[in-house]
Structures are given as C-alpha cells and as structure tokens.
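A.B. asks: Annotation comment: TrEMBL describes B:Glu430 as active site, proton acceptor. Positions annotated as FAD binding site by TrEMBL: B:Thr148, B:Gly187. The feature domain 'Acyl-coenzyme A oxidase N-terminal' is assigned by TrEMBL to B:24-142. Among the features that TrEMBL reports, domain 'Acyl-CoA oxidase/dehydrogenase middle' is placed at B:144-253. Per TrEMBL, the feature domain 'Acyl-CoA oxidase C-alpha1' maps to B:284-445. Taken from TrEMBL, the feature domain 'Acyl-CoA oxidase C-terminal' covers B:486-662.
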Number of protein chains: 2
Amino acid sequence: MLNNYIRPGDNPDLTKERKTCSFDAEELTRFLCGSAEKVERKREIIRIVAADANFADRIPLDFLAREERIDVQARKCKYLMEKMNDLVTDEDEFIDLANEVFGTDGFPLILHLAVFIPVLQSQAESDLVSEYLPRSMSTQVIGAYAQTEMGHGSNLRELETTATFDRATDEFVINTPTRSATKWWPGNMGKMANHAIVTAQLHIDGKNHGPHNFLVQLRNYDDHMPMRGITVGDIGPKMAINTLDNGFLALDHVRIPRRQMLMKHAKVATNGTYTPPIHSKLNYGSMVFVRAHMIFTQARNLCSAVTIATRYSAVRRQGKIDKSSPEVQVLDYQTQQYRIFPQISRAFAYLFTGLEVKQLYKNAMRGLDEGETDLLPDLHALTSGLKSIVSYNAGLAVEQCRMACGEHGYSDASGLPKLYGLVIAGCTYEGENMVMLQQTARYLMKAVQWAEEGKKLSYSIEFMGKKARGRSTIGMHKGDMERENEAIMESIEHMARRLAVDASNQYKKRITGGDSEERAWNGVTVAMNRASRVYSRLFIIRSFHRRVLSSPHSLREVLTNLFSLYLHYESVDMAHHLLHDGHCSGEQIDYLKSKLNEELIKLRPNAVSLVDSFDQSDRLLNSVLGRRDGNVYDALYEWAKSSELNYTEVLPSFNAHIKGIMEADRAKM
Amino acid sequence: MLNNYIRPGDNPDLTKERKTCSFDAEELTRFLCGSAEKVERKREIIRIVAADANFADRIPLDFLAREERIDVQARKCKYLMEKMNDLVTDEDEFIDLANEVFGTDGFPLILHLAVFIPVLQSQAESDLVSEYLPRSMSTQVIGAYAQTEMGHGSNLRELETTATFDRATDEFVINTPTRSATKWWPGNMGKMANHAIVTAQLHIDGKNHGPHNFLVQLRNYDDHMPMRGITVGDIGPKMAINTLDNGFLALDHVRIPRRQMLMKHAKVATNGTYTPPIHSKLNYGSMVFVRAHMIFTQARNLCSAVTIATRYSAVRRQGKIDKSSPEVQVLDYQTQQYRIFPQISRAFAYLFTGLEVKQLYKNAMRGLDEGETDLLPDLHALTSGLKSIVSYNAGLAVEQCRMACGEHGYSDASGLPKLYGLVIAGCTYEGENMVMLQQTARYLMKAVQWAEEGKKLSYSIEFMGKKARGRSTIGMHKGDMERENEAIMESIEHMARRLAVDASNQYKKRITGGDSEERAWNGVTVAMNRASRVYSRLFIIRSFHRRVLSSPHSLREVLTNLFSLYLHYESVDMAHHLLHDGHCSGEQIDYLKSKLNEELIKLRPNAVSLVDSFDQSDRLLNSVLGRRDGNVYDALYEWAKSSELNYTEVLPSFNAHIKGIMEADRAKM
C-alpha cells in the first residue's frame with residue numbers, strides 16, 4: 001500500500017482513491033517536511049494535542065460568540081504556556097504545536113512573540129533588552145507593535161503620532177494629536193498587551209527627525225487597567241481572525257524616560273543630540289523575513305483548502321457522465337478538475353517557493369554578517385513581488401476550492417470561509433499589494449538598465465540578460481517533456497523581459513514628453529505592476545522546477561506531473577502576453593491547452609493521495625468536508641445540531657415577535 | 001450645482017469632488033431609477049425609515065451575536081408586517097423598504113414571500129391555493145421551499161426523499177430514507193416556517209414518477225413545536241446572511257392528504273392514476289425570472305461596494321506623487337483608478353443588463369400567454385450564462401473594492417466583508433455556475449448548427465450568423481469613438497463565434513474519435529464554458545451600449561465614457577482570445593490599453609458623482625468608510641467603541657487565564 005491513510009470504516013470512495021496512488025505518499029510527506037524525524041515529531045505533537053483534554057472543545061468553536069471564543073483560546077493559551085517546555089524542544093515545533101491547538105484562530109499572543117520581542121531584540125540598546133526581554137519571555141510584559149495609524153498604513157513617513165524630547169526631564173512626551181493619528185490595527189494591543197513599541201515622529205527642539213520606535217507601558221501590572229493618558233481598546237470584528245484583539249491606542253502626552261526609545265541604531269543623547277542610524281536599509285532584513293515566512297504560511301493554508309476540496313470532491317457523487325451508470329464522483333468532471341487540480345499544483349509551487357526564499361534569506365543574512373549587503377536588494381524586490389502574487393492567488397485558489405464544494409462550501413462547517421478570510425488578509429498586511437508590486441517594479445527598471453549595460457545580474461533577474469529568441473519553440477519537442485517544459489519557461493522569460501522593457505520604455509517616453517519622474521511613474525504603474533507579476537510568477541515556476549529536479553527518484557514522476565500542470569496552467573493564464581508580440585502562435589497556445597487537459601487526467605488517480613501527503617490533521621483542517629475518513633454527511637448533521645439556534649425547538653425571538661403577527665392574522669380570518 | 005449631495009460639514013475632499021461633476025447627477029439617478037416619481041418615492045421611504053424609532057439600532061448590529069441579531073430583525077419584521085400597508089403601495093416599493101430596513105441581512109421572511117408563495121400559486125390546484133394562499137399572505141402559514149438535500153443540489157433527478165402513495169387512506173407518506181436525504185439549506189425552514197413545499201420522488205405502486213412537490217406542515221399552529229415525524233432545525237453559521245435560518249428537515253413517514261400534492265401540472269387520482277404534466281419546460285419561467293432578478297440584485301450590491309470604495313478613496317490621503325506637494329487622495333493613483341473605475345463601469349453594465357433581461361422576460365411571458373414558447377430557450381440560455389458571469393465578476397469586483405480600502409476594508413466597519421459574502425453566494429445558489437455555463441453551452445452548440453444551416457437566429461445569438469471579418473478594424477477610426485467602439489464590439493462578436501465553433505469542433509472530433517456523447521462532452525467542458533462566458537459578456541456589452549444610445553442627451557457624454565471604459569477593460573481582459581487567431585494584433589491591444597488609460601483619466605473628476613447617482617442611503621450602505629459626508633475617521637472610532645470587547649476595560653477572560661501566567665512568572669523573577 002503506497003498511501004497509509006486508509007482505515008476501516010472510511011468512506012469507500014476515499015479508500016478507492018487511496019488505492020490508486022502511484023507513488024509513496026509517505027515519502028512525499030517526508031520530502032515536504034524535510035526529514036522522517038520531522039514528520040515523526042510533528043505527528044507526536046498531533047497525538048499529544050489530540051490526547052490532552054485541556055485542548056478539547058465541548059462544541060465546535062464556530063458556534064461561539066466572539067468573546068466566548070476568545071475565552072476558550074485564552075484558557076488554552078495559559079495551559080500551553082505553562083506546559084510548553086514539556087511539549088516542544090524548538091521554535092519550529094512550537095509553531096506546529098500552536099497551529100495544531102489554535103488552527104486559523106492563531107496563537108493568542110502571536111504578535112507579542114513574533115513581532116514585539118524580535119523588534120525589541122533587534123532595535124533596543126542592550127540595557128533595555130536586559131531589562132525587558134526576560135519579562136517579555138515570561139509574559140509579565142506582553143507587547144504590541146504599534147506602528148499603523150488610522151490615517152496611515154503604507155506611508156509611514158507621514159505618521160502623526162509625536163515623541164517630543166523634553167530635555168528638562170530627560171523624557172519623551174508621546175502624543176496623539178488628531179483622531180486619525182490614533183494607532184489602529186496592531187494585534188494583541190486591544191486587550192492583551194500591557195506594553196507597546198510605538199512608532200512616532202521624533203521631535204527635538206522643533207526639528208522632526210522622522211519616525212522612531214519607543215517603548216510605552218499601556219496598562220499597569222497589578223490590575224491591567226490603562227495607565228494615565230492611555231486610551232486603548234479593541235477595534236471590533238473583522239473578516240476573519242476575530243479571536244485576535246487588534247486594537248486602537250490614543251496617547252495623551254504620555255511621558256517615558258529617554259532610554260525607552262529603541263536606540264540600537266538611531267540615538268538621542270541627554271543633551272538632545274541626535275545620531276542617525278548608519279545604514280538606512282537595516283530594516284530590510286526583518287521585512288524580508290516576515291514576507292518570506294508569509295509565503296510559506298499562505299502555502300500551508302492553501303494546502304488545507306485543497307485537501308478539503310479534493311477529499312470532498314471524491315466523496316460527493318452528483319450527476320452522471322454516462323446516463324446508464326450511477327452518479328459519479330464530482331472529481332471526474334473536467335470542470336471540477338480544472339477548478340481544483342491547478343490549486344493543488346499552486347500549493348506545491350508556493351510551498352517550494354517558500355522553502356527556496358527562506359534559504360535565500362539565510363544566505364543573505366550570512367552575507368550581511370560578513371558586511372555583504374549585495375544580496376538584499378534582490379531579495380527585497382523578490383519577496384515584495386512574491387508576497388503580492390502568492391497572497392492574491394492563494395486567496396483566489398481558496399475561493400475556487402470553496403466554490404468547488406458547492407453549497408456546503410458556503411457553510412462554516414467546511415472551514416473554507418474562515419480560511420479565505422485569513423488568506424486574503426495577506427493582500428493587505430505587511431505591505432499593500434499594489435505598493436509591493438511597485439517596489440518590485442523599481443528594481444526591475446534597474447535590471448533593464450543593468451542588462452542594457454551588460455552588468456552582472458543578481459539571482460532573480462538573471463533572465464533579463466539572456467538572449468531573446470524571436471519565436472517560441474513550444475511544441476517542437478513533442479515527446480520530450482523536459483525540453484518542452486524548458487521551452488515554455490524560456491517563453492515566459494521572454495515575456496517577463498518584454499514586459500519589463502516595455503514598461504521601462506513607456507516610462508522613458510513620458511519623461512521625454514516632459515512629465516516629472518513622479519508623474520511619469522504614476523502614469524505607467526499598471527504596466528509596471530504587470531511586469532512585476534510576470535517576474536514573480538517566473539520565479540515561482542523556476543523554484544518549483546528546481547525542487548522537482550532535486551526530488552527523490554521515486555517522487556520524480558508525480559512531481560513532474562504536478563509541475564507540468566502548474567507550468568501549463570500559468571502559461572495559458574498568461575497567454576495574452578505570450579501571443580502579444582507573435583512570440584507564440586495560437587496553435588502553440590492550443591497545444592498548451594491540450595497538454596494541460598492531459599495533465600489533469602494524469603493527476604486524477606493521485607489527487608487524493610497528493611493532498612494526503614500534506615499530512616494535515618482533522619483538527620487542523622477543522623472541516624466537516626475535509627475529514628480524513630470522508631464520512632461527511634453524518635458529520636455535517638452532528639455539526640449543525642450544535643447551532644446555537646437549536647438549543648430550543650422554538651426560538652425565544654419567534655415567540656416574542658413573529659408569533660404575534662401570526663396570531664393577529666388568525667384572529668382576522 | 002450639478003451634484004446636490006453637498007452639505008455643510010462634509011469632508012472637504014468629497015465636496016471638492018462633487019464640484020467637479022460634469023453632468024447632472026440627479027438626472028442620472030432618475031435615468032437609473034426609471035422616473036422622477038420613483039426617485040421621490042424611494043427617498044420618501046428612506047425618510048420614513050430614518051424617522052421611525054422602531055427601525056433604529058441602539059448599537060451597530062455588527063456587534064451582536066447571531067441570535068441577538070435575529071431577534072432585532074424579527075422585531076423589525078413584525079413591526080414592518082403590521083405597518084406595511086401604511087408604508088408602501090406596491091411590490092417594488094416593498095422591496096425598497098425591506099432593503100432599507102434590513103440591508104444585507106435581508107428580509108427575515110424572504111423565502112416565504114419570494115419562493116414559497118409563488119410556487120404555491122403557480123403549481124398548486126385552485127382549491128389548495130384558495131385554502132393556503134390567504135393564510136400564507138397573512139403569515140399564519142409561513143412556508144419554506146424544501147428542494148435541496150444534503151446529498152443533492154444540482155442533480156434533482158436523484159433526490160432521495162420519497163412520497164409514496166397509499167391508496168387505502170388516499171394519502172402520501174413522505175419519508176427521508178437516508179442521512180444524505182435530509183433536506184438541507186432551504187431558507188426560513190430552520191426556525192421560522194410552519195410549512196414547507198417538499199420535493200420528493202413520487203412512488204405509486206412501486207413505480208417512481210420522479211420528483212414532485214408536496215405541501216407538508218412542519219410545526220403546529222399553537223406552540224410552533226415540530227409535528228410528529230418532523231425533525232427540523234438550523235444548519236449553523238455561514239459565510240454571510242446569518243440572520244437567515246437556513247434549515248434542515250428529516251421526515252419520518254409523515255402522512256399528508258393526497259390533495260396536498262401540488263397538482264396544477266402533474267396529477268395523481270384517487271385510484272393512483274398518474275397524469276404527467278403537458279409541457280416539461282413549464283418551470284423554465286420561474287427559474288428564468290429568479291435569475292433575471294438576481295442580475296439586478298447583484299448589480300445593486302456592487303453599486304454599494306463601489307460607492308464605499310470610491311468615496312473612501314477620495315477622502316483617504318496617503319503618499320505623494322510630487323514629493324513637494326501634500327499627500328494625495330489615493331483616487332489619484334493610476335493603480336487605484338484601475339482597481340475601482342472598471343468596477344463602477346461594471347455596476348452600470350450589470351444594472352442595465354438586469355433591466356434589459358427583465359424586459360426580455362416580460363416579452364417572453366407575454367408570448368407564452370399567446371402560446372408562443374420560442375423565446376424561452378434563448379432567454380433560458382442567456383440568463384444561465386449571465387447569472388454565472390455576473391455573480392462571479394461582481395464578487396471579484398466587490399473584493400477589488402474591499403482591497404482598495406486597504407486595512408480598513410478588512411474591518412466589518414467597512415461593510416465590505418459582508419457584502420462580499422452575500423454577493424459571492426450567487427455563484428452557488430440558483431444553479432451552480434459551472435453547471436449554468438454548460439446549459440448555456442448546449443444552446444450555443446445548437447446556435448452553431450443553426451448558423452451553419454442558415455436558420456433564423458434568436459435575439460441573443462444573432463451574432464452567430466454575422467459574416468466573419470478576417471482582421472479587426474480596431475484603431476482604424478481614431479477620433480470617431482462610436483465607430484471605434486463598434487469595431488471593438490465586432491471583434492468581440494468574432495471571438496464569441498470563434499470560441500463557440502472551436503468548442504463545437506472539439507466536441508465533434510471526440511465523437512468522431514469514438515467517444516460517447518456524454519464522454520465527449522465531459523472532455524470539452526472547459527472549452528464549452530469559455531465560449532459561454534464570452535457569449536454572456538458580449539450580451540452585457542451590447543445591453544450597456546443600447547442603454548447608452550437611449551439615454552437623455554445630457555447624460556450621453558458621461559455614460560459613453562463609462563461604456564468605453566467597460567468595453568476597453570473587457571477587451572483587454574479577453575485579449576488572449578482576440579490575439580489567438582491573429583484577428584487582432586499586439587499593436588491593437590496596446591492601443592486598447594492606452595485608450596483604457598485615457599478613459600480612466602476622463603472618469604476621474606466624475607467618479608464620486610457617478611456613485612452618488614446610485615442614491616444609496618448611509619443606512620443601506622452600512623459602512624463607516626462609504627458615508628455621504630466622508631467623515632470617516634471619527635465614525636470609525638465611534639463604531640469601534642461599541643465592540644463587545646470594550647464593555648469592560650479588562651476582559652474577564654484576561655483575568656481568568658492570562659493574568660495567571662503573568663503572576664506566576666512575576667513570582668519567579
């Protein structure tokens with residue numbers, strides 16, 4: 001048996017699917033996870049969580065009001081913090097554990113752990129770190145990172161909060177001068193945090209030195225009530241992630257000692273002398289890290305969505321292909337395959353890209369330790385573009401998965417509406433996508449220039465220096481898949497070059513026409529963003545391809561199938577640009593489409609086993625439709641019985657209101 | 001002043017926008033609404049609702065738990081039912097009133113009024129109608145339409161619920177034989193309805209006559225408790241529309257008198273003789289009506305989304321175009337215009353298409369009265385395709401609007417997450433989109449045949465018979481916009497023809513290759529659906545164009561701008577197919593893109609006034625960001641203060657759980 005997910009009592013349709021698996025699903029799990037040991041350790045964590053009554057839910061959390069749900073997660077959070085050291089041995093394991101326990105709700109102290117502490121460590125001077133890091137690790141101090149304001153998200157230079165140096169007392173006065181200056185959105189800030197790192201304009205003697213970070217206590221240690229001058233609270237319900245207390249914060253001339261400015265890079269002396277940071281790009285690193293990490297997280301969430309949609313589509317029987325036969329599994333319909341299988345290939349593509357980018361990040365950081373900053377601009381441009389492509393397309397992909405589940409995909413029972421809300425948020429946080437794509441485009445414009453000048457090109461833009469081939473060779477090596485795929489990738493490189501050069505020319509034309517640089521740029525951003533998207537998609541394709549080439553021999557066939565599917569799907573999706581300059585002919589695009597259909601058919605018997613290989617527990621999936629055992633209808637019924645509206649046969653509100661109009665009318669009759 | 005939305009105290013950026021309006025916004029409102037009288041009447045309803053304390057909310061409903069929110073809406077529902085006759089004079093006004101009062105929650109008895117009663121009227125025999133219609137109108141009877149089952153949505157022929165005729169007692173025995181046969185999803189069925197029209201397989205003497213409808217009492221009149229043999233309840237929370245009690249229903253051998261079968265068309269006599277309906281397509285009408293109506297409703301919801309995004313983008317200032325100037329309105333960025341303005345044009349396109357399809361429906365019904373059924377197949381194919389295109393693209397459009405609002409678009413305060421959940425549901429209900437597109441494709445395949453045979457072609461497929469023009473004339477009439485636009489539309493017609501013929505050829509090739517008809521169809525459905533989409537988009541474009549040509553002279557310029565924008569946006573979006581056979585050149589596509597940019601710039605000064613012309617009240621928009629007065633930041637703050645987490649400064653769950661780990665750690669330190 002190549003797929004060991006089969007158990008007695010499973011839905012026979014799923015068992016049938018698992019028996020048609022042509023590869024070793026367990027080996028694929030190991031390849032995705034890194035090693036057999038990591039798989040084993042992850043499964044141990046799953047077992048521990050499943051066995052511990054403190055992590056169990058009496059009824060599905062979907063039925064709780066927001067505050068009740070926060071309460072349940074806070075209780076688990078407390079338990080987890082107390083037992084953590086017994087349960088896990090490193091950070092990766094902690095992430096697995098937190099995912100398993102909290103699912104899409106996320107770890108309740110996530111911003112404290114993942115943002116507040118790292119920023120404190122990397123930006124504060126050592127004595128402040130010594131004082132606050134131990135308290136933060138032990139959660140006496142719970143911190144938020146208060147950067148975004150109601151009126152400013154993307155343009156940090158115009159933040160309105162002020163930190164004015166008072167030489168007389170050696171303090172900063174932190175103030176919220178307008179309503180729109182209210183800090184808005186920081187996670188953990190509404191109700192959890194008792195401290196925040198607050199970004200504010202540093203004013204000394206009437207001069208503004210721009211935004212800097214300051215450590216401010218928000219609530220006292222004793223009763224957690226807000227400190228004097230602090231107005232703090234929750235910003236209300238959102239599209240998803242509602243157990244997180246994204247908060248607001250207004251500061252009314254709050255005084256903090258000078259040393260609570262985070263002064264590792266920029267400094268203010270007692271006499272008010274300001275020393276700027278040596279390197280303005282020092283913050284690149286952490287932004288790049290967060291975005292590199294995001295790609296991986298988005299990929300993991302997409303894995304959940306495709307697991308749910310694929311398993312359910314194998315179990316769901318609806319309609320007939322041959323009229324004389326019984327109803328078919330909906331996974332047999334071409335439209336359903338076209339809907340779901342490309343999303344499976346996307347999940348793999350994004351996972352592999354996430355791994356590659358993490359590696360690039362490590363290389364860049366190693367370089368930085370040796371004073372080498374050359375890798376950073378490439379990585380910054382790349383992660384900005386990838387963040388944008390992956391977040392939006394993962395969102396669209398989750399929605400395709402959700403709609404592929406028909407009407408039940410619309411129910412919270414499927415787990416998919418929450419998953420969509422979680423994934424699509426990635427288009428906005430950590431850099432709004434349109435802004436991100438423009439950052440990538442600015443780098444691409446330099447690349448066009450460098451390529452013209454024959455300069456050495458960094459990793460992600462090497463293709464800009466390749467020789468143009470007038471016509472695509474797609475379809476000229478039929479039967480040799482590797483060469484065919486290379487021909488497609490070369491065509492995509494051609495297209496990526498052409499779009500970048502084209503955007504550059506449009507820009508130059510406007511400059512020549514008398515536009516200022518800024519106006520010219522704003523007149524061509526749509527073309528710029530188009531170029532950035534294709535550049536990013538090319539990188540994902542290349543990453544996927546490299547990973548397939550380095551895969552174990554036994555997985556090569558199934559991963560090649562997945563990669564070809566991805567490559568053909570992406571090419572057809574970008575056919576407009578391939579056709580535009582005559583590089584590809586309509587016949588070549590038709591050929592890609594027919595090959596794409598063949599790849600769908602080839603993938604069909606492995607579909608369920610491929611998603612099984614993501615090895616996600618039922619608890620993590622949190623979906624009636626995506627259950628490993630495929631027994632969805634009974635589970636759906638059980639789930640619905642917990643609906644808060646079913647506590648009573650007759651709703652109190654029915655008796656209070658609707659019954660009145662019924663009786664009134666009966667009297668009339 | 002051409003835009004009379006200006007008031008003292010408004011955000012000056014919005015006032016500025018309203019002053020640049022180049023057309024009479026009030027006249028556009030009248031054109032959209034139908035007449036000055038209708039506009040006046042609608043505004044009167046808005047005033048009545050605004051002035052009546054019974055419709056007011058103490059705090060925003062966003063902060064209520066599901067059951068509390070249902071209670072509030074049920075109270076308003078009761079009040080509205082009692083006062084309705086004083087408030088409105090016809091159905092259209094009632095719809096306006098219900099929209100104004102309930103917004104995206106919808107009227108709590110919507111399925112009773114909009115589905116149960118019409119089905120009863122059109123499918124029951126007159127004596128059953130006489131008995132139940134008055135009770136239904138007076139809401140003594142509240143009904144649901146129980147068709148969909150847990151296991152079957154699209155393929156009604158395989159529904160599992162049975163209605164077995166018992167000749168001895170002259171009754172039907174209605175039964176749910178399996179878990180998957182449980183009725184699932186019908187609105188109003190969970191907690192509200194005391195009756196349902198239940199679709200079940202009609203069995204007589206061991207023979208199955210297929211699905212028919214039966215009237216079944218679910219709950220008794222006195223205490224609203226379920227009748228014997230009835231298990232009924234709510235199916236739990238969903239992506240949106242959570243005040244609606246979508247329900248489940250299981251029937252355990254429930255007996256009903258024979259006369260409670262809806263026997264206007266098919267009949268069962270006392271002796272068990274079955275008489276089938278005369279015309280199998282008699283249900284076409286109601287499906288077509290619902291889908292025609294859906295197009296209009298989706299368009300209205302999209303109007304809300306673009307109103308919110310446009311107004312907020314005029315108020316939001318972020319970043320600079322010229323470094324020396326102050327921060328700009330984000331509506332000045334090309335990317336933002338490219339994000340929002342096409343959605344404004346889509347809203348108009350769908351509104352106008354909705355109006356046109358409603359008219360076609362009326363014509364078809366008039367024909368039907370005279371025994372003329374020829375118009376029905378065309379209208380059926382058309383509404384199936386349009387339903388699919390409009391629901392999906394309106395969903396994407398709402399998301400673009402939401403993301404255009406940056407981080408605040410993610411908050412429920414924006415109103416946009418709920419709007420998305422509401423709109424995107426349209427992809428699934430009233431016919432799953434993939435299935436819909438295939439229905440359209442089957443008709444298109446006939447059209448290909450008819451065109452080849454030189455037969456007369458109905459309204460929506462006339463273009464199939466037009467002569468092919470080898471090369472597009474796009475760009476050959478520069479300066480003559482009307483001729484340019486006609487050239488684009490001809491190219492889209494060319495493309496629609498080509499894709500239909502191409503899909504037909506692919507299908508025939510498979511048949512020739514030995515496939516069964518069904519297998520051949522399943523092998524080409526992706527191509528079929530592609531053809532259906534272009535056919536539907538062509539119809540929307542033509543409808544928009546016709547409406548512009550019939551518009552008042554004073555609106556012609558702004559509507560032409562909108563139409564051109566829509567036409568160019570759609571063409572660029574479909575450029576792949578225009579380029580595919582060499583019909584268009586890359587230069588022509590570039591020309592379309594440059595014209596599209598020009599249309600964006602032309603629309604800019606009218607953007608706010610165009611969305612103002614939808615004349616949607618702040619109550620209906622239910623969005624802090626979309627307010628008429630543009631004073632968004634204060635409103636956002638006020639809104640958030642109502643968050644249930646802000647009732648106490650310190651959350652009880654914080655004290656119960658988190659405080660514990662803080663104190664424990666403090667002791668350690």
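Glycine too: its Cβ is placed from the backbone N, Cα and C atoms.
All annotation found in TrEMBL is predicted automatically rather than curated by experts.
Note that the structure is a prediction, hence the values are computed from the model and not measured.
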A.B. asks: Before we move on, state whether the domain 'Acyl-CoA oxidase C-terminal' (B:486-662) and the domain 'Acyl-coenzyme A oxidase N-terminal' (B:24-142) share at least 3 Cβ pairs under 8 Å, counting only pairs 6 or more apart in sequence.
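C.D. replies: Since 3 or more Cβ pairs under 8 Å link them, the domain 'Acyl-CoA oxidase C-terminal' (B:486-662) and the domain 'Acyl-coenzyme A oxidase N-terminal' (B:24-142) do come into contact.
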A.B. asks: Using DSSP, what's the helix, strand and coil tally for the domain 'Acyl-coenzyme A oxidase N-terminal' (B:24-142)?
C.D. replies: 94 helix, 0 strand, 25 coil
A.B. asks: Given the residue listed as 'active site, proton acceptor' and B:Gly187 (FAD binding site), what distance in Å do their CA atoms have, once rounded to a whole number?
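C.D. replies: About 13 Å separate the Cα atoms of these two residues.
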A.B. asks: Taking only same-chain residues 6+ apart in sequence, whose CB is under 8 Å from that of B:Gly187 (FAD binding site), what do you get?
C.D. replies: B:Ile110, B:Leu111, B:Val115, B:Ala144, B:Leu244, B:Asp245, B:Asn246, B:Gly247
A.B. asks: What number of additional C-beta atoms lies within 10 angstroms of the C-beta atom of B:Glu430 (active site, proton acceptor)?
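C.D. replies: B:Glu430 (active site, proton acceptor) is surrounded by 17 other Cβ atoms within 10 Å.
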A.B. asks: Is it possible to get the count of other C-beta atoms within 10 angstroms of the C-beta of B:Thr148 (FAD binding site)?
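C.D. replies: The answer is 20 other Cβ atoms.
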A.B. asks: Looking only at the domain 'Acyl-CoA oxidase/dehydrogenase middle' (B:144-253), how are its residues distributed among DSSP helix, strand and coil?
C.D. replies: 6 helix, 50 strand, 54 coil
